[in-house]
Each structure stands twice: as structure tokens, then as C-alpha cells.
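Trainee: Annotations for this protein, taken from TrEMBL, read as follows:
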DOMAIN    627-730  domain 'STAS'
REGION    430-450  region 'Disordered'
TRANSMEM  170-195  transmembrane segment
TRANSMEM  201-220  transmembrane segment
TRANSMEM  255-276  transmembrane segment
TRANSMEM  283-303  transmembrane segment
TRANSMEM  346-369  transmembrane segment
TRANSMEM  381-401  transmembrane segment
TRANSMEM  407-425  transmembrane segment
TRANSMEM  498-516  transmembrane segment
TRANSMEM  522-539  transmembrane segment
TRANSMEM  551-578  transmembrane segment
Amino acid sequence: MVASNKSALEEVLEMEKNMMQAQWVLNPPQPPSMLRQIVDNIKDTLLPHPNPNAFSYLSSNQTRFSKRAFAFFQDLFPILASFQDYNAHKLKCDFMAGLTLAIFAIPQCMGNATLAHLSPEYGLYTSIVPPFIYALLASSREIVIGPGTVDSLLISSMIQTLKVPIRDSIAYTHLVFTVTFFAGIFQVAFGLFRLGFLVEYLSQATIVGFLAAAAVGIGLQQLKGLFGIVNFTNKTGLFSVVKAVWTSFKNKSEWHPYNFVIGFSFLCFILFTRFLGKRNKKLIWLSHVAPLLSVILSSVIAYKINFHEHQVKDYRVEVLGPIKGGRFNPSSLYQLTFDAKVVGHLIRIGLTIAIISLTGSIAVGRSFASLREHSIDPNREVVSLGIMNIVGAITSCYVASGKFITVGTVVEALMSLAFAVVKLLKSSSSFRRDSSSPSSMALKSTEPQSTPYNTLAGRTWRRISASPDCRFVTMHAGSLSRTAVNYNAGSETMVSNIVMALTVLMSLKFLTGLLYFTPKAILAAIILSAVPGLIDLNKACEIWRVDKMDFLACAGAFFGVLFASAEIGLAIGIAISFAKIIISSIQPAITVVGRLPGTDAFRDVEQYPMAVNIPGVFIVSLKSAWLCFANANLVEERIERWVKSGKTKDGKGGETTFIYVILDASSLTNIDTAGIASLMELNKNLASRGVKLAIANPRWHVIHKLRLANFVSKIGGRVFLSVGEAVDACLGTKVETQVHFHSSSKHKFENDFNAFTTSKATNLASPSANLNNLGEDDSRVCENDNGRFQKTSAFRVELIRLGWSSLGNKS
């Protein structure tokens, strides 16, 4: 008798467990209202998160005015924090790094200015004020600021539609300053209102295609300087440039061979020194000084040629000519143009350049910061970039940034080390998985896997390479940059930026006269040496292998920029990326699910051929975040078609007659009224065929809306916490836990409870009497189940399950 009662009590406790799980699903807390969600999203997106270190000067433990004042200025200017433990060694490292940066940056900035169709001195101006402002305001210690190659190309290609620089260079320069001002305004707004998510609309595939096309455009534009072509097109399109080059070649007076000889020779020299630096780390300094050394040697050669051959025009070398110098950045405040006819176009160009300038800059800052185990504040970085561009716009600077920085030697060394570790771990058999484990089944599926081998090393490398920072860094690895030079030179703080700015200022004041004979071909060679780092064929091939739609966005951006313009190329890439999202939402992935042998896991039968279909139960998983008007009818029709045919998606169902259809809603985060209507129609059509519908693991908002629409009661309360419990309930291996609504009589409760006790072959003739007559052993069983249940708890549980909570309390 005691054993029988004990068995019955265990069944009641098991039913209580199932009931509790059903209550978890069906009775979650009230989800936040739509207004509350909108407010929370705005707060999380637009408002800055609280910084525990911010406003530390207001803390009560800092009573001295000097400490509070220093804390205030330290929050305002993060560079002051580095001075707390600053010493002579760090000053020496920063000073040497700043000098190295100046040697590297001077020729590069002059070349970028010519790419933007500005005089070379504007590139030097942009390497003075913006780095100084950024060094004071930013939290990063490694990023080096200066004019970017891609920014220069965008400025020249987009502003030329408003004003041709050859015809009116002064008006063109004023428009460049105004665009820089608007770009800074947008960047400050992005940082203050946390609008950096707008940059995320530029997918990685779009950026890869855009950079590759920009590199081609940059290379084509440098043909003018490399060949010394006099009359060249202002357009950046492929056909226009090829036509201009071909026309110049047919007319020998349009180009000069000595320009090509000098430019191509020093281009080979720069690339050769870079090759030597990669092969021998001791010679890396040679690749740093190669651009400046090329400028000096080529200037001497051009001076000799022009001095002795000044009468022979066919052999003249095109030089920069006079460069304005001898003073600090002149003011350009009154040169900003706000003419109503062009201001709208300038705002649009400023927004485009602001977004492009920000793309990747934070990722690079985080990557280098992680190497020295310190963090940066992305919001502060964006604001700093904006402020320096605003100040730069009124001090004769154009757009400066730290973006698209290729971290050649540093990344190559890290990648070599990573591959060495991967190779070492690969050779160790102790890191291999057991082939019979469930995780090994995942790697044995018929779908191609990205893992090259089934080892811990492979898994580790996939996690490293999957991070956004690593993806960005490796995407542009291949050429040196100012930031890589700064890091390799041993800089400790942002003082290296200040030293670089002061060195460029001294050069601008005293050495600009020596740049008179600098060949334009050498600046073209310096820019061309950086072009290969912008083209990442390996990444493009990887995108093709992984996702064809992403590759379509990459190709669209590439050909759009190459044959039309930068704006059109970016628009095409973004449009294709959004089209991919829309197509994915309209055609959600609906998969047939089976149980993996020896496990409680249910997986796609196509991806895991070893998965077993449950006889009489058809399990469908909806791999979509939203069941809405765009895809609800498709989901309904596809499920009905599969059930009607009696076959699973892969054709393994044979003539199985389905009794239950279980919809796995674990991936479904939201549903609208059209989605609910389609589920009701699906339940109605299935019921007409004698098939019952069950829902497994619905998310918070989904189950809330289904209850409000009275859908849960229409499917008989068949809502379960997991697919496994839904299958067990449908097969009758466990007591099906349902929540019964609208109970109306005590007679119904007694019939339900007697049916339960009879089905379990217990001797509980009277619920209350038998539960009160439980022996000591039965009480001990109740108490051993986590110590939560009393002798009469099972009876109360059954009352609550059937909606008789008041009787349960009286009992």
C-alpha cells in the first residue's frame, strides 16, 4: 500500500514539475509596453552609458581643491592621466616615435593633398592641428591622425561635381573646408547622441568592394603625376581615365618620359624596402624612411635635370613648384561657404565622408589598445574626431582621420605567432574531440564546415578570426601605416602625435623651399605604394565562398564606385545588403527537425542526416526572428503542404500519418496580427485532418500576444518549454501538462483527478483522505525532493493545475 502511494506521489511530483514548466511558459511577467520599449531603445542607443570614472572630481573623498581641479581636467583631457607616471624613458620613446612619424607622414600627407586636388601645404596643415587636438581629447594612445587616401579621393571626386579645381582652385578649396566643417559637425553629433550605429549599415562586404574600387581609382588618378600628363580628366570613372591616358599617349607633347622613369624607379625602391622590412625586422627602419629618402633624392635629380635641360621641354620633369610655408596654419574661418545653392550638396557630401571616416577607426583603436591591455571610450573617440575636424576646417585643414589604417608588420607578426600556435596545437592529439560526441556530430553534417580541422586550435582560431576587430585588421593588412609605425617605434602616449605635429610645423616653416623641385611623380609613387593594401582579394574570395549575397553587395559597391561614383557605389552596396535582409525575412528558413541518436537534442534532418524522425509527430523549426505579414502565408502553406504529402522535407516520411505538428518557436522573437491569423488558420486546417498543433519554447512577446489573441486555448493549451517535452507529451510517455481555462464546477475537478489516479493504477480512492493517510515513508519522499513539498502539496498542486486554487487553499 505504501509503495503504491509512493509511486502515485512520485507521479504527482513529476506532474507538478511539468505543470511548473508550463506555467513558466504560459504565465511570464507582463512584457513592457511598446512605449516603454521605444523609450528604452532610445536611451540605450542615444544616451551615453554611465561612466564610473567620470566626474571623479566631485567625489567626497577628494577634499583638496588641487586634486579636484586636476581630476576635472583629467576627465576633460585624458592625456593628463598619462603624465602621472611619465618619466624620461617614456619621453624619449615618444620623441623618437614622433620624429619617425614625421619622416613617414610628410611625403604621404603631401601626396594625399595632391590626390584631393589641393596644394601640398594643405596636407602638411592637416598633419599639425588635428593631431594636436586629437591628442588632447582622445582616449586612444596609438592612433595617429592625418589626411587619408580614401578621404582625399572622396573629396576630389564629389566636390568636383560642384566646382572644377583647375578652373577655380580658390573656390574649390573653400568648398573643401566647408565639407570638412560639416563632416566634423556630423561626427560630433554621432558621438554625443550615440548614432554610431549608422556606420553599421555599411556591411563588411560593401567596405571591401568600396576600398578595392577606391584603390583602383586612386591608382588611375596617379597616372597623371606618374607620366607627367599635362591635360588630364577631372573624372574618376574608369572609362574617362583610360580615355585621357590613351589620348595623352598619342600626343607625345602631353607627357614626359623622365617623369615615368623617376616615378617608377622610386616606386620600385619603396616596395623593395618594404619587402626587406618584412623579411628582416632589423631593416624595417629602411621602409619607414624610404618615402622621405625618395623625396630628397628625386628632388636632387629633378633639380639637375631642370637646371641643365631647361631648354628641352620634352624632358622636363613636372615639379611641385612654390609651396606656401614659413608660418602656422592660416585661418580659414571666413572662407567657409554657406551659399544656399550648394550648401545642401555640401551637407550631403559631409555626411558621406563623416560616415566613411568613422568606419573602422574605433575597431583599429580597440585592436591596438588590446595589445597594451587598456581600453578606449568609443563615444569619446568619435567626438574627438569631430572636434578636430571642426577646428581643422577653420585652420586651413581638410578631413583628417585615423581610419582604414593597415597594420602591416604588427599584424603580420601576430598572425605568424597565431599560425605557429595553431600548428603546434594541431600536432597534439590531446586537443582532438571524441568522434562520438554530440559536438562531433555537428562537424560531421553534410553542410560544408568552415573549420579546417577538428581540433581545439581550429576552434580557437575561428573564435579569434570571427571577432569584428580581427576581421577589420586582417582585411587591410599588407602595407605600413602611421599607426603601425607609431606602435613599432615604441610610442608610450599621445605625446608622439604632438611631437609629430611640431616636427611637421618646423618643416613647414623652414624646409618648404627645398620642396620646390620635388617631382609630382614621386608623390604619385608614394600613393601608389599604399594602394595594394586597400585591395584584399583573399577577403573577397572568402566572402564568395561563405555568402554569395554578400559577394553581390561587394561586387555592386566595387563596380558602382569604379564606373559611376563613390556615392552610387555605396548606395548599391547598402541597397543589396538591405535587399538580402528583406529576402531573408520574406522567405524564412523552415526546417524539419529530428532527434539526434543518444541525445535529447533536436536538429535539422538535412544538416544532420543521422537525426531520427518521430513516428506520428511532425516537428518544424521556424528559423526567423519575426513571423509577420511578409512571410506568414508562406510558412502556413509550406507546413500544410508537408503535412498533406505525409513526407518530411528530405523525403524520409514515407506514408507516415501525422497526429501532432510541433512548431519550434525558439528562434521567433516577435509576431504580428498577420502571423497570429496564419497560425489560427493553420490550426484550423490541421484540425480538419485530425492533426493537433503544439508550440514549443515560445519567446516572451510571442506567448504574450498568443494569449491575448486566445490562440493558446484554441490549441488546447499545448504549449511546452522545449521540443523534447512536447514530443514526450504527444507520445504519452509523460503526463501532458496543460493549463485548463474556464473551469466551472467541482464535479469536473473530481472527474479529472480520479481519471489521473486511475490511469496510474494507484489506490487513492478519495483524494483528500488518501493524501492525509500517507505514511512516514511517503512524507520522506516528499521532503527529499529539494525539501519543498508537504504531505498535502500534491493535492494542492492538482487543484491549482485545474484552476481550483481556492479549494487547494481550503484543503
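Glycine too: its Cβ is placed from the backbone N, Cα and C atoms.
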Trainee: Any residues 6+ beyond the ends of the transmembrane segment (551-578) with a Cβ under 8 Å from its own?
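Mentor: That would be 153-154, 157-158, 201-203, 205-210, 212-214, 216-217, 236-239, 352, 356, 540, 543-544.
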Trainee: Treating G and I as helix alongside H, and B as strand alongside E, what does DSSP give for the domain 'STAS' (627-730) in helix, strand and coil?
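Mentor: Helix, strand, coil within the domain 'STAS' (627-730): 51 helix, 15 strand, 38 coil.
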Trainee: Of the listed stretches (255-276, 381-401, 522-539), which one yields the highest count of Cβ-Cβ distances below 8 Å with the transmembrane segment (201-220)?
Mentor: 522-539
Trainee: Report the listed stretch (170-195, 255-276, 381-401) having the maximum count of Cβ pairs within less than 8 Å of the transmembrane segment (522-539).
Mentor: 255-276
Trainee: Which of 255-276, 283-303, 381-401, 498-516 has the most Cβ pairs closer than 8 Å to the transmembrane segment (170-195)?
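Mentor: Per the Cβ count, the answer is 381-401.
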Trainee: Would you kindly list the residues that approach the transmembrane segment (498-516) from elsewhere in its chain, counting only those six or more residues past its ends and only Cβ-Cβ distances under 8 Å?
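Mentor: Sequence-remote neighbours of the transmembrane segment (498-516) are 94-95, 97-99, 101-102, 105-106, 109-110, 120-121, 124-125, 127-129, 131-132, 135, 144, 295, 299, 319-328.
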Trainee: Please give the average pLDDT for the domain 'STAS' (627-730) in this predicted model.
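Mentor: A mean pLDDT of 85 is what the model gives the domain 'STAS' (627-730).
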